[in-house]
Amino acid sequence: MANTDSNNTEVEQNETARQAEADQAADTSQEPTEDPSTTEDNADTAMEHPGEDTAGDDGPDDEGQASKLRAEATKYRRQLRETQAQLETITNQRETLLRSSVEAQLPEHLPGKLFWKLSDDPKQFMTEDGDVDSEKVAQTATDIVQEFDLKPRGPVVTAQGQHKQVKMQNSLADAFKPRDL
């Protein structure tokens, strides 16, 4: 593993050295000094023979340049990890929003938790534009309701189970009073 890393580092160093030389030559002459196909061939050669130094410079600047290259590679790896973490966060947020959009379209008597247990993937309810496919959500919800014979709840009777005390307007004494006719 360490051998592979050192080979990759050498290849990166060689490519960066060639790029720096090409940039330096382009700055001084304002004309391209190398044919682009030749540069690609050199890069391919460097990949095939990672131990060989195609730049040809073996001086005290190599250590300084190597440390710069390592620092640059470290910076890019850190940026890659940060970007991957951001991508994962955004993907999770998108999936959460998609789930809530789909749940908002479900019938009232079909709980979202049951719907997601029985459906495969939230992405199947997305259109090519990234919107929620309402027809597909409705069809899947209808299939689930029919398969499990789910019925909407009836109206709630708030007074059910409570007995109201009836106030008697007539008392026993009123029964023996003379009536006014």
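Glycine residues also receive a Cβ, built from the backbone N, Cα and C atoms like all the rest.
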Checking 132-156, 157-181 against TrEMBL, the stretch recorded as region 'Disordered' is 157-181
Near the region 'Disordered' (157-181) in space but 6 or more residues beyond its ends, with Cβ under 8 Å, are none
Counted with DSSP (H/G/I as helix, E/B as strand, rest coil), the region 'Disordered' (157-181) has 4 helix, 0 strand, 21 coil
